[in-house]
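Remarks on the structure that follows.
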Amino acid sequence: MSFDRKIKIAPSILAADFANFGAECQAIEAQGADWVHVDVMDGHFVPNITFGPATCAAIRPHVQGVMDVHLMIAPVDPYVEAFANAGADVITAHVEAGPHIHRTLQAIRGAGAKAGVALNPGTPAGAVAELMDMVDLICVMTVNPGFGGQKFIDMTAKIRALRGMIGDRPIHIEIDGGVDPSTAPLVVQAGADVLVAGSAVFKGGSVSHPDAYGSNIRAIREAAEGVWT
Ligand code: DX5
Ligand code: ZN
């Protein structure tokens, strides 16, 4: 997985057909997705439950690019190896998930994956100040995690602060929640390069009508890249 700051669209399969993940992953990649974002929820750290490492392992052969696993679970450490063994390229843990995020990030890199840290909307940029040399990705939540389809919360000041803290380190800034063609330019202007989108990618499409995924992905990408033209 090489590093660059080009815009990457990462559809969240939280908005896909749960009975058809393999075909859904193939369809979004064929329609221009850069990464596949996989939301793991435990009904404890967040109020919703999705799936665990076995499902990630089942999805893996259907994803050619980056499998980006977002862990909304607590505790994290007992499961890091299982998600790495399931083939996650990036494993992101929440800074709020426990007192030992430093240890968690060490464990993620130690298991051979890229390490991500996520911040809830109520958590300031400074919470990751001591972690800058241990992370490959910082995920700024623009909704309170747990559900797709929520309204975007403006975190542009936090994104700008993080962009300044990162300097020239090879760290992605990922935005998760409420990203669509109207909000994408705001976060890209502030310094984001990875855009997670669930409902805005999957709306109007299906594995038998995947063209809508393609036009939805293009609409987000064009709006985001429009910032630079
Ligand atoms: C929220 C998840 C997101 C979510 C995004 O807890 O982490 O990845 O699926 O969905 P949309 O794009 O619909 O806000
Ligand atoms: Zn997510």
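Note that Cβ sites are derived from N, Cα and C of the backbone, with glycine treated the same way.
In TrEMBL, the divalent metal cation site is described by H37, D39, H70, and among D154, D168, D176, D180 the residue recorded at this site is D176. Between the candidates S2, S12, TrEMBL assigns the substrate site shared with H70, G146, F147, G148, G149, D176, G177, G178, G198, S199 to S12.
Checking the recorded positions D39, H70, G146, G148, D176, S199 against ligand 2 with a 6 Å cutoff on the Cβ atom leaves D39, H70, D176, in sequence order.
In this structure, the CA atom of S12 (substrate binding site) is 7 Å away from the CA atom of D39 (active site, proton acceptor). Around H70 (divalent metal cation binding site), the C-beta neighbours below 8 angstroms that are at least 6 residues distant in the chain are H37, V38, D39, V40, T92, G116, A118, C139, D176, V196. Around G178 (substrate binding site), the same-chain residues at least 6 positions away in sequence with a Cβ under 8 Å from its Cβ are T142, V143, Q150, K151, F152, I153.
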